[in-house]
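Comments concern the structure below.
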Amino acid sequence: MSRSSRVLGFGHHAPSRKVENPEIENRLGLEPGWIERRTGIRSRFWATDQDTLSGLATQAGDMALANAGIDRSDIGLLLLATSTPDHLLPPSAPLVAHKLGLGRAGAVDLTGACAGFIYALMFADGFTRLHGKASLVIAANILSRRINPAERASSVLFADAAGALVIGACEDPDLGILGASVDSDGSRYGLIQIPAGGSSIPFHDDLDLGQTRMTMTDGREVFAKAVEMMTDCSTSALAVAGVRPQDIDRFVPHQANARIFDAVGRNLGIADEAIVKTIAEYGNSSAATIPLSLSLAHRAAPFRPGEKVLLAAAGAGLSGGAIVVGI
């Protein structure tokens, strides 16, 4: 029988500082309720001075490993999806693996922005199927340190959090990734970006610090393209899996904006009550939102054997994807 994979454990972590909308609305001169009406966000968590990206990731990974109940020596690979590593060099994943005591695991960062967890989960699934070894997939971001406080678009949306899944080998073809679809559109490369800090605009003495902060040039186009990409990828992934939208037990979308994932749900014909929504309390932590939402959903109502779950994301790059998972 050919080898498959399955989800063994869930984990998540958010910093201790909770930031309510009035704090941001007052700073930006926005009327009360403006943020929630346009995004669905009521609060978000931001890192304290003591928090690090590797620290948040380690907390989520530790929870997922405990939830999975497996020996840490059984983990063969750690993938860390992040846009805000501790340093530009070296990657943060080896440090996280060290903190978690994963003495026999490879570890590497993936920079896929909001879709990073989708790609990381696909790669981990392939590794586990090939080698029969468990994988730990973590997505984590500290976006509050990249927010431009003068730019409304980024100030109201972004948050800090981490989420994690443990993936293990199995021989049940109805478990693990049943179908997947990915996409990109580099013609919209500049819609969401941090302009400086890479090799195109390197750090220098006269650098405007504003160029090291997040910027969104056209929110309406981001909205339209995200809805389109998430809908198209989800439709393709469902077709590959041979699963109808109405047979999806839970739809766990990237929590970019409530209006985005509500539109995707309507496009797909997925009932609103099947959509997992965490954006109201946790905001948009980019790649971390999907594993965070999975872990929170599992804590509130544990996944039942046989559930089929749809994951979908789109974001900077533009890059996106969708996965159908059998739990």
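Glycine is treated like the rest: Cβ placed from N, Cα and C.
Source: prediction; values computed, not measured.
Copied over from Swiss-Prot, here are the features:
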- CYS114: active site (ACT_SITE)
- HIS254: active site (ACT_SITE)
- 255-259: region 'ACP-binding' (REGION)
- ASN284: active site (ACT_SITE)
Euclidean distance between Cα atoms of CYS114 (active site) and HIS254 (active site), Å: 7
Other CB atoms, at most 10 A from the CB of CYS114 (active site): 30
Distance, CYS114 (active site) to ASN284 (active site) (CA atoms, angstrom): 9
Reduced DSSP assignment, HIS254 (active site): coil
In three-state DSSP terms, the structure that ASN284 (active site) belongs to: strand
Active-site residues compared (HIS254, ASN284) - highest count of Cβ atoms within 10 Å: HIS254
